[in-house]
Every structure is written in structure tokens, then in C-alpha cells.
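Student: Got a structure for you, written out below as C-alpha cells; questions coming shortly.
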Amino acid sequence: MAEAISSFWGPVTSAEWCEKNYVYSSYIAEFFNTVSNIPGILLALIGLINALRQRFEKRFSVLHISNMILAIGSMLYHATLQRVQQQGDETPMVWEMLLYFYILYSPDWHYRSVMPTFLFLYGAAFAIFHALVRFEIGFKVHYVILCLLCVPRMYKYYIYTKDASAKRLAKLYLATIFMGSLCWLFDRLFCNNISQWYFNPEGHALWHVLMGFNSYFANTFLMFWRAQQLGWNPKVAHFMGFFPYVKIQKPKTQ
């Protein structure tokens, strides 16, 4: 995209999206794609506070923190449009999916030290490889494969969940990822047409917002399921009658 005003960060060295660069500030290349990550950070912070307050397993605190790191990395990438910052966005995306993989599959994994060791080494190897080699399509295919590997276990958890409110969280997870993916594809595939419009719907920014909610719904559903596995009598409560979170009641022995 053509630059509207001077760039503080210099020439673009990363992939660009369908938003005009440096329209509102010389310090922010893609304004809407940058600020649209803020809801994801706030939602992850809410999830982290709930996980710490109710003393969920540390894996969920790490998961919420990883959501925040990913959103911050995305902000830096879209604000600068530099290759290093793009890697700082994409590498945490893979690390986050590996963490989801661990949370989903570890309860039934008999060799407890094997999975985290393998996932850690895999994540480290990917980070090094991604820093040395630039592969845009390969990265997207790799990321989609990681997402698809999580689907069977998510589906298993869904069908074994009897609580209607928890099932609603899973449905919201599916709805937000579906709508977000449509926004992402629309922005990517039809950018030439969108650029001619008087108003740009900012599909990639909408993707960020929807994926912030998507991560929150996924995390909340997984917290409910894990609490159910541990016998913590979970319930989906709603803050101010709207915002869902998991409320648990641990046995007195715990």
C-alpha cells in the first residue's frame, strides 16, 4: 500500500495487508490492524485474573499470558511492518498452538515428560528455522495443520460436556473463528477491489478482534472441562449477566 505520510520505521520489509500505511501517525503503519489487538489483550488479562484468583493449574495462566504476548507481537508487527516484528508475531502463534495441543492432550498422555519435552524442542526448532528462512505460504499451511490437530480433542470435549452454558462457549468459539476467517480471507483476496471503495471495512482488524474473543471462549471452555476432570464442580457464571467465566468449587481437601 502507498504511504500517506512519512514513515518512522523506514521501508516496509514484511508482508502488508489491505490498509493504507501511515495515515494517522508516522509511528503506526497500519493503525486499525494495530489497535484491534487491544481487545485480545484485555480479554486475556481477564482470563489470567480469573485463573489466578481461583487457583487453576499454571498451564492456564501461561496460556492467557501467551495470548497477551501474541497480541502485543501483532501490534508491533502492524505498527512497524518490519520483518523482525513479523517473526515476533508469527513465532508466538505457533508456540501458542503447541500450548493448546499440550492442554488438550496431556490429561490422557501416559508418558508425562515426553510431550512437554517434544513440544518445547519443536517450538525452539521452529523459532530458529523461522528466523533463518522466510516462508509465508509454508507458515500458513503449518499453522493450519496445528489448528486442525486440536480439533478432534476439542470435539471430544464438546460431546462429553453436558452443561448447556459450557456447550455455548464451544459454539461461540466456532462462530468467532468462522467469522474471523471470512474477514481474513475477504481482506486478503479482494484487497484490490476494497482499495477502490470509499470505506474500507478493515477485514484484518476485524479478524484480530474476533480472534481475541475466540481465544477467550476457547480458554474458558478448556478451563471448564479441566475443572470438571479434576472434580472441581465448575459452573459458567456471567459477569453483569453477560460476560462468561468459569466459577469452581474445589473439594476442601484441595
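Each Cβ is built from the backbone N, Cα and C atoms, and glycine gets one as well.
The Ca(2+) binding site feature in TrEMBL is assigned to TRP17, GLU19, ASN21, GLU30. The transmembrane segment feature in TrEMBL is assigned to 31-49, 61-81, 118-135, 172-190, 205-225. Per TrEMBL, the feature Zn(2+) binding site maps to HIS78, HIS204, HIS208.
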Student: Out of HIS204, HIS208, which of these binding-site residues shows the lowest number of other CB atoms within 10 Å of its CB?
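Tutor: Candidates: the binding-site residues HIS204, HIS208. Fewest Cβ atoms within 10 Å: HIS204.
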Student: Spatially speaking, which of the binding-site residues HIS78, HIS204, HIS208 is closest to ASN21 (Ca(2+) binding site)? Use C-alpha to C-alpha, please.
Tutor: HIS78
Student: Would you find the one among the binding-site residues GLU19, GLU30 whose Cβ has the most company, meaning other Cβ atoms within 10 Å?
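Tutor: Ranked by Cβ atoms within 10 Å, first place goes to GLU30.
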Student: Taking the centroid of the Cβ atoms of HIS78, HIS204, HIS208 (Zn(2+) site), which other same-chain residues have Cβ within 8 Å of it?
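Tutor: Same chain, not in HIS78, HIS204, HIS208, Cβ within 8 Å: TRP17, GLU19, GLU30, PHE32, ASN33, THR34, SER36, ASN37, SER74, ALA205, TRP207.
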Student: Near TRP17 (Ca(2+) binding site), which residues of its chain come within a Cβ-Cβ distance under 8 Å, counting only those 6 or more away in sequence?
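Tutor: Set apart from TRP17 (Ca(2+) binding site) by at least 6 residues yet with Cβ under 8 Å, we have GLU30, ASN33, HIS78, ASP187, ARG188, CYS191, HIS204.
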Student: How big is the gap, in Å, between the Cα of HIS208 (Zn(2+) binding site) and that of GLU19 (Ca(2+) binding site), rounded to a whole number?
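Tutor: Spelling it out, the Cα of HIS208 (Zn(2+) binding site) and the Cα of GLU19 (Ca(2+) binding site) are 14 Å apart.
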